[in-house]
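Taken from TrEMBL, the feature region 'Disordered' covers 1-22. TrEMBL lists 48-148 with the feature domain 'Tox-PL'. Taken from TrEMBL, the feature domain 'Immunity protein 35' covers 189-271.
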Amino acid sequence: MLAASVAVPKDGSSPFHPAPSTPLADLEPAASYEAAVARSQNQGRRINVRGTVVAMHSAINGSPSVPLAWQPSDEAPGWWSRLTRRYFPEFERVSANSWDEVVKAVAEPGPDTRGLVWIRRELGGQEATGNLVYAHNNKGQVVFLDSLTSSLARLDTDHVRELVLVRALPEALRAPRRPWEQEAHDFEAAVAKARLWLENAYGGGAELVGPTAGDETRRGWVFSCDTRRHLRGGRWQDTMLDATLVVPKDTAEPFGLPNSDPWEWLAHWDAGGVPGTGKFPSPPPPGRADWFDSTLAQLGPVLSTSDHQVWSSAVDELSSFPAGSRALIWIRRTDGRGREAVGWLVNGLTTASGVLLLDGSSEEPVSFDPTGFHALHVIRYR
């Protein structure tokens, strides 16, 4: 047990487990009856060093969390192996017979080395209440933290039976890179990176279309992709909407382009812009490769479709619909090399006074940019 001691007050108040940080000091008589009652009633919080040390580890990793409440079952045999296996899987046992050896073990591997120390205590030759101390190599300085008191830990030397140290090296704590988070400075590496990302994002539903070494930009590669269904069957409704894939040369994962203003966004990024900062938005997450049928199933039954080569012609058709009619205008673009590029959906509503056009991704009024477009589909739905 970690809470291996139990104190039985002579004044008739409830027995309790001493606090892990300073168990002997916790044996002092309670200042009042209310304090004695609180000591017993708040026992779960006072001895919950397991929960708080896990929460501290999570916070140092950049993911703040709330400690799980203490349960009597936490003290069941095997608690140490369960704790380390579940919450500290990167940590391995390291022999340390003194605090000096613990400091050395955490200091030598370098900054961001972590350690968890189980301080096993004894009184009269018997196991007594222990403690858990978190060690962190912070920029070369080893710091010992008491998660229960949110302060620097006491490094006990009296009544210590054993120091049990598990340690995680810095490289073990780094999140492993996903297969598509690799550098891609040459064409072959970029194609491999793109295919890995497409497979993960679309589960085999999309593939690259005619990639060439000429797709290189200053910061990456700009490839075309499409659904396998469209490439095999040719049905225009199966064409991919997000048909442009940017593959960074650094370890960042590939991404698609915004539908409404892709080329200006791409130019800003290629010039060194950092997505998600200032007024430069982050790229959109991947949508569905087979988007058409699933999207129209949510909007309503398709009443008619038509193709246009001129923007004004598409808008004129919307104007001819009865008031209250709704439609999508699918603007299809090419990438300058004859390959499908990122498209754009515009919502159209026919009213008694004219046609209202809204950006399908932002609900903002539409400003049509004819750059690179090669087809317009008007899809009227109920």
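Just so you know, glycine gets a Cβ as well, placed from its N, Cα and C.
TrEMBL labels come from automatic prediction, so no person has curated them.
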Folded-back contacts onto the region 'Disordered' (1-22), same chain, C-beta under 8 angstroms, at least six residues removed: 29-30, 33, 36-37, 39-40, 43, 46-47, 49-50, 74-75, 79, 118, 121, 123, 127-132, 146, 148-149, 153-154
Average model confidence [pLDDT] within the domain 'Immunity protein 35' (189-271): 97
Helix-strand-coil residue split for the region 'Disordered' (1-22), DSSP-based: 0 helix, 2 strand, 20 coil
